[in-house]
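So that you can see what the record holds, here are the features copied from TrEMBL:
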- B:12-37: transmembrane segment (TRANSMEM)
- B:43-64: transmembrane segment (TRANSMEM)
- B:99-119: transmembrane segment (TRANSMEM)
- B:125-150: transmembrane segment (TRANSMEM)
- B:157-178: transmembrane segment (TRANSMEM)
- B:190-213: transmembrane segment (TRANSMEM)
């Protein structure tokens, strides 16, 4: 699904982090966000997911179409893998967990409690949830953290399949996933200049100088 | 929608879920009171309605900070906010599951604990009715308080401070209904006020809780 933003400004807390972000992503295409730590990748993704409303600019799509995967895994330790997946499948109204289990080979882990999984397995489970959302735009924040090479390949295959089916994706990642139709966007130029209190402020001068 | 309720109830009864914490606290409080004030049944039966209601209120308060905090910490709340389920519905379901795991067990246990405080038997019906009508309001107000403080570490104290004044009308009318019932006076008016508070909470607070959650997730 085609999506894009126009002149977007987003903030984190009270601070405006990004200004003037503009991009377009075609159906079947992935956009990879690059930028040093703290450059606003997470802020942009949270804005696209509809968690923080934009300060200015427009989102040229509905946030209802975005499936967001954050840093945090969002798993319930006391529930089994199958229960965790079933919960999200029911919330998103897709009800069938089979595609997720298949794509990330979770079949052998279904009855295990999430608290007994390794960090990489938790990550896999958390990523497999994307398949259950039935949404066309995947917004992923550092999806490959704690995945080994084999599972990175599995994850890349899942994204490739999603793109081939006409979906699209935007991801913040530092490694090369080898996606067929991926563009890279460096977001450092959009960084808002952090403004301190103006130095000629008369009140500040009187009080502190 | 039912999936969220089912999951919360499942989490509550599994290890570390905190189900029974409120009930145990209620039990301990009511068992200790006769030791504290002495075994004279005249005094006990006079203070029983108040003790039972204060006990129920404090037990509700005990588990409030868990309503959203755990979901916030593990990232589930972010994902829920992006899910098709509106946050208003999520807040309502959270309040409902809080009531099912605290308010409802308290309501069922209260008549038995009333015996320990030698509460007059005429009051039992009023006690059950007032708790059944009043405790949902406690859960809904508590959910609102929890939504307001969701991003704060150790927000429990702040929730209590925010929510306690809002609990006052429920406590006053609830205890009043029971003590009037115990004296054989008509108690319907107090009960109706209690019902009005609960109905008002049900109508307004899901929206307030959802707005507070949206603000805190930014």
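Glycine is no exception: its Cβ is also placed from the backbone N, Cα and C atoms.
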Legend entry - Chain residues in Cβ proximity to the transmembrane segment (B:43-64) (below 8 Å; excluding those fewer than six residues from its ends, i.e. six or more beyond): 18, 21-23, 25-26, 29-30, 33-34, 37, 98, 101-103, 106, 110, 113-114, 117-120, 123, 127, 130-131, 134-135, 138-139, 142-143, 145-146, 156, 159-160, 163-164, 167, 170-171, 174-175, 178-179, 181-182
Legend entry - Paired segments the transmembrane segment (B:190-213) and the transmembrane segment (B:125-150) in contact, 3+ CB pairs under 8 A: yes
Legend entry - Intrachain neighbours beyond the transmembrane segment (B:125-150), with Cβ under 8 angstroms and 6 or more residues off its ends: 49, 52-53, 56-57, 60-61, 64-69, 72, 77, 91, 94-96, 98-99, 102-104, 106-107, 110-111, 114, 119, 158-159, 162-163, 166-167, 170, 173-175, 177-178, 180-182, 187, 190-191, 194-195, 197-198, 201-202, 205-206, 208-210, 212-213, 216
